[in-house]
Amino acid sequence: MGAKLLCLVLASALLAYSVYIPVPEVFEEPWKVMFIMASFRVLGRLAEVTDQLGLVHYTKLMKLIIHLEYVPPTSDENVTVTDTKFSNVPVRLYLPRRPSDGLRRAVIYFHGGGWCTGHPGMKSYDCLTRRTSNRLNAVVVSVNYRLAPEYRFPVQFEDAYSVTKFFLQSSVLSQYRVDPDRVCVAGDSAGGNLAAAVAQQVKKKDEDSEVEPKLKAQALIYPPLQALDLNLPSYREHENSCMSPKLFMVRLWSDYFTSDSSLPEAMASNRHVPAESSHLFQFVNWSNLLPEEMKKDHVYTSPVYGSSELALEHLGFLDPRAAPLLVSDAQLRGLPPTYILTCEYDILRDDGVMYARRLQAAGVPVTHFHAKDAFHGMMSFISGPASLAVGHRLLNRYIEWLNENL
Ligand SMILES: *[C@@H]1O[C@H](CO)[C@@H](O)[C@H](O)[C@H]1NC(C)=O
Ligand SMILES: *[C@@H]1O[C@H](CO)[C@@H](O)[C@H](O)[C@H]1NC(C)=O
């Protein structure tokens, strides 16, 4: 009771303090955006405070949103929706009802939520995947991978990859009448990270002819793609943004790998990479990889190295299955046509921009759409009172790209 009362008092104080946030002029619907930003700021602060007081781990508060937003699998006149399991991983399956002339296309979708929250059954994700299925007359597999901190890297990746491998089997594809040459992976935020990592793994295994067929495309929606350099221009400019402030992102990254608090401390000061791994910095060198308008007058400084013990214990953050930007150009060659959405008001902006640039240089067809009037996560604001016109536009653009490229 004491803890609850304390939370309530803290929440009210924070609400009063946080409501007014200047919203950049480029944003449409500024009042709605301000309200959304304020709510996220309050939630973020509340999670931070209760976590520091040792009351509740912040991920518990973040998981609450799953329960608040949960909708059971519900079919409608266009799409049959069921919860099932693929390769022992729970998935929500969307099967279009409209007849199809031939075999159907398919999208394997990974939701966002910082590897520690999110669910295919959240209203916003259900709406997104349902609409994708209906508009493309495609089968959509929305993957309910296991979450941190109960499960850590590589579990999230392994779940995402096993579902993909399972679905790509010819017997499964034919059961759902899916064209083996028209399957893609897609995901937003942490889900975009998983989609990029899965696409790399499928390509790698395909070269060893272990997984067939290939993926037709990948769509990466504001993905985090590396935790090597956490001082990119976008990190500097949006360090205190409401949706994904730097210290929060550091926490999400480190909780993906370990409970050891020395990792987030080292990451916060960008001294977490050991000198032995210095060769990896070329893959995230923003001084070469960002366009001038994003570099602005930020000054590139050489990396400062940390202790090797740290990395040896938590090798995850140097592993391309967690950080798809950390592979060589040769390993990028042959990846499927790619859609990347980045948002201007997002610390993860530069991860996506650099990946688009590197894929292009490796000869991969890339459609990079940079939304100048959007913040991190905006493509999920498509249902209920928090529905935003820009969210619908971003979603339509993504579906249009899939329609033309899948
Ligand atoms: C079914 O599809 C039609 C045509 O795309 C659309 O107008 C309608 O809203 C859809 N129904 C639902 C429940 O989404
Ligand atoms: C990054 O690029 C700059 C400019 O090309 C170069 O001077 C610097 O040595 C590079 N740093 C790393 C770590 O690759």
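From the backbone N, Cα and C atoms, a Cβ is placed for every residue, glycine too.
As recorded in TrEMBL:
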- 1-18: signal peptide (SIGNAL)
- 107-264: domain 'Alpha/beta hydrolase fold-3' (DOMAIN)
- Ser189: active site (ACT_SITE)
- 308-379: domain 'Alpha/beta hydrolase fold-3' (DOMAIN)
- Asp346: active site (ACT_SITE)
- His376: active site (ACT_SITE)
Report, as a single number, how many Cβ atoms besides its own are within 10 Å of the Cβ of His376 (active site).
25
Ser189 (active site) has its Cβ surrounded, within 10 angstroms, by a count of other Cβ atoms equal to 28
Looking only at the domain 'Alpha/beta hydrolase fold-3' (308-379), what is the model's average confidence as pLDDT?
94
At the Cα level, what's the spacing in Å between Asp346 (active site) and His376 (active site), rounded?
5
